[in-house]
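Colleague: Annotation source TrEMBL lists domain 'Fatty acid desaturase N-terminal' at 16-64. The annotation transmembrane segment is assigned in TrEMBL to 53-74, 81-102, 177-201, 250-270. Per TrEMBL, domain 'Fatty acid desaturase' is recorded for 83-344.
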Amino acid sequence: MGAGGRMSVSTKKDEKEAIQRVPYTKPPFTLSQIKKAIPPHCFQRSVIRSFSYVVYDFIIAFLLYHVATTYFSLLPQPLSYIAWAIYGAVQGCVLTGVWVIAHECGHHAFSDYQWLDDTVGLILHSFLLVPYFSWKYSHRRHHSNTGSLERDEVFVPKPKSKIAWFSKYFNNPPGRVLTLAVTLLFGWPLYLAFNVSGRYYERFACHFDPYGPIYNDRERLQIYLSDVGMLAVAYGLFKLAAAKGISYLICVYGVPLLVVNAFLVLITYLQHTHPSLPHYDSSEWDWLRGALATVDRDYGILNKVFHNITDTHVAHHLFSNMPHYHAMEATNAIKPILQDYYQLDRTPFIKAMWREAKECIYVEPDEGAPNKGVFWYGNKI
């Protein structure tokens, strides 16, 4: 019923064959059966090994910073502009890896000590202007409700009946370029500040508001702590700009941060948006089917730079407290169990982004289908 693990898109013929719907019926296996297929050591967390990735990423980031601030000023002006652009892109990719490690801390996958995970996660995410605890709790609810049209937290597609009237004016190449540009540049801060693309709440939802509807009473103090962490880093950046100049701050930190935010949005978008993936309303949704309504992607060499968050996402949704350095082994172990329920799309991510922006505009049930609670992507406006 689906291309499953054989999914690989390289030609138009392959693309049509690859975009086959995944099974949406209840799987013939259980979560415990999937777990038994994974070697037990894959669930073991090592403080030393986890920290080694933090150290490695920051060594690379510092070397890039050192080269840029020491030698770029010696280049003639046209070349220096190109060099700074390359620095921003490469440094942004490296810092995306740092972001991924902080994300792992939020899942208690960094170590066996919750206090250590939260301390490391708070420091790393604050450095990247992310409210660690605020996002940790909303992201946990995303994992608890993946694929649910009513309760999922991020990139929740709209039913066809609820898409905005002006959407048809953006359903063309120029409109898609504009939409993708706005999404990649501003999608992350808009989600944090205004819950754009998030689930519906009856009142204003914001990741910086401890008393917003996203959080419960036990979580509110930690939301304050997240805000303090971000404000501390923002103050440090202000002092840096005052000492070195705003252009220095933009080149050294601002552009790489934009790249981090863009990749974060793109990675999440492509993991949960695909023509073959179903979404479910409350009449059909269950946790396992929702967790399987995700897709692994291939970012080439960036898979390693991003600590394989891109090509082991299915396993991550099934066992989110598994360290990233065991996720590939676990992914290979569960493929024979999942079979067609496992999705891997090797389409180059730029091409996939454009295809999904074109094909995945809204969701609706199949006309005449008995399962009215199963929704599929469409684009006929």
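Glycine is treated like the rest: Cβ placed from N, Cα and C.
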Colleague: For the transmembrane segment (250-270), find every same-chain residue at least 6 residues outside the stretch whose CB is under 8 Å from a CB in it, and list them.
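Modeller: Distal contacts: 65, 68-69, 84-85, 87-89, 91-93, 95-96, 99, 128-129, 154-155, 183-185, 187-189, 237, 240, 295, 297, 306, 309-310, 349, 352-353, 356.
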Colleague: So if I exclude everything within five residues of the ends of the transmembrane segment (53-74), which remaining residues of that chain have a CB under 8 angstroms from its CBs? That is, six or more out.
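Modeller: Apart from its flanks, the transmembrane segment (53-74) reaches 80, 83-84, 87, 90-91, 94-95, 97-98, 101, 120, 124, 251-252, 307, 324-325.
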Colleague: Can you count helix, strand and coil residues in the domain 'Fatty acid desaturase N-terminal' (16-64) using DSSP?
Modeller: 31 helix, 0 strand, 18 coil
